[in-house]
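Chemist: Below is the structure I would like to discuss, written out as structure tokens.
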Amino acid sequence: MHVQSQASSDDFFLQGVGSADPAVAEILAGELKRQQDQIELIASENIVSKAVLDAQGSVLTNKYAEGYPGKRYYGGCEVVDEVERLAIERAKQLFGCEHANVQPHSGSQANQAVFMVTMTPGDTFMGMNLDHGGHLTHGKSVNQSGKWFSPVAYGVRAQDHLIDYDEAYEVAKANNPKVIIAGGSAYSRHIDFKKFREIADEVGAILMCDVAHYAGLIVAGEYPNPFPHAHIVTTTTHKTLRGPRGGMILTNDKKLAKKIDSAVFPGLQGGPLMHVIAAKAVAFGEALKPEFKQYARQVIENARALAESLQSVGFKIVSNGTDSHLMLVDLTPKGVSGADAEIALERAGITTNKNSIPGDPLPPMQTSGLRVGTPAGTTRGFGPGEFRQVGKWIGEVLDAVASGEDPTPVEQKVRGEVLALTKRFPIYS
């Protein structure tokens, strides 16, 4: 008598998560509702297309493919080779470069792979101070980059919070770093990659540009391109690029390209996530369309509208504005910590993240600032008018918190108005 196994039954291949696992389905539905009903201002988040979701949830999740197209350690890779080659070609076209590795699982792992190529433990490198807008992987002591290597930092000028290139030059001259990192996670202004290359050449360093936050703006021509100045570029594929969560490494140097590929696999990772690479290919294809250029322009226009609105209700904006998708809000005039602001705004239906500001006297889990951004709101259709209103709501909520009175009535009022706005701009409906 033939007995069907679970894996060969119709239910296994046809049953969706709703009937197969109601507990997980309920959680997924809850997250969908949260995203639909809240205004997402976290600068590192975005909303992907249905096409990207479809690719990431595809049968490619079944396939192991250690190695690279045409040079795999497994059979049956002829189809996944096609999608990885497509992702690579689209990435090269977007950035105008000669080589792209689309396998890194994250931006952090992309950075780790570059460190493996360019340094040995104990070597010195230079990155932006985390409190001034840098990133954890640029030398923070709690991160691998700070534990294995010897980081030195440059920062921003006290008077205008713009990158202090003179300081960067002096720090580089004094320390002779092997690598200089240009880029950050909370720096809102243009970065002069040409000037960083000049500093790198002066001290014989490799210039690594981490453009994780700016990638979508770069490929749309709305933010300076690190090429031809960078030796190596790392990025995430989400954020402003509006793809799946993942990483990527780019270069024009053939010798570095070969070393980078070896560092990613087998040096750092095993099998690549082919379903994610397929989703990257889809997102890169979207970014090559004229509509994406319009989107990137709108992201920046919206960010400037939000910054102006926040200033109009009494907030300081670090560097007094933005050239990109994000801004740092200095909360000290309101006497509210970033942690308290984040919690109150979430109760009101607005999602942000606490963030240190230059010279911040508060610890990282409290902070004197908020980081806010416009990519997700722009994706769902918000324009300057909507973002000006969002700025006013932030002012209302945080003024209520600062007053010392119970902020609940104001939070609930704003929550209702936020919900009405999000209903006008639905996602995945």
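Backbone N, Cα and C define each Cβ position, glycine as well.
Swiss-Prot lists these features:
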| type | residues | note |
| --- | --- | --- |
| BINDING | L130, G134, H135, L136 | (6S)-5,6,7,8-tetrahydrofolate binding site |
| MOD_RES | K239 | N6-(pyridoxal phosphate)lysine |
| SITE | H238 | site 'Plays an important role in substrate specificity' |
Chemist: List the Cα distance (Å, whole number) between L136 ((6S)-5,6,7,8-tetrahydrofolate binding site) and H238 (site 'Plays an important role in substrate specificity').
Modeler: 18
Chemist: Using the Cβ centroid of L130, G134, H135, L136 as the reference point for the (6S)-5,6,7,8-tetrahydrofolate site, which residues of the same chain not in that list have Cβ within 8 Å?
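Modeler: Other same-chain residues with Cβ inside the cutoff are G127, M128, N129, T137, H138, G139, K140, N143, G184, S185.
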Chemist: Quick check for the class: what is the C-alpha distance, in angstrom and rounded, between K239 (N6-(pyridoxal phosphate)lysine) and H135 ((6S)-5,6,7,8-tetrahydrofolate binding site)?
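Modeler: K239 (N6-(pyridoxal phosphate)lysine) to H135 ((6S)-5,6,7,8-tetrahydrofolate binding site), Cα-Cα distance: 15 Å.
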Chemist: Would you say which of the binding-site residues L130, L136 has the most Cβ atoms within 10 Å of its own Cβ?
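Modeler: Result of the Cβ crowding comparison: L130.
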Chemist: What is the total of other Cβ atoms whose distance to the Cβ of H238 (site 'Plays an important role in substrate specificity') is within 10 Å?
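Modeler: Its Cβ shell of radius 10 Å holds 26 other Cβ atoms.
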Chemist: Can you tell me the CA-to-CA distance separating L130 ((6S)-5,6,7,8-tetrahydrofolate binding site) and H238 (site 'Plays an important role in substrate specificity'), as a whole number of Å?
Modeler: 21
Chemist: Which of the three DSSP-derived classes (helix, strand, coil) applies to H238 (site 'Plays an important role in substrate specificity')?
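Modeler: It is coil.
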Chemist: Please identify which of H135, K239 has the densest Cβ environment, defined as other Cβ atoms within 10 Å, among these recorded positions.
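Modeler: Top count of Cβ atoms within 10 Å goes to K239.
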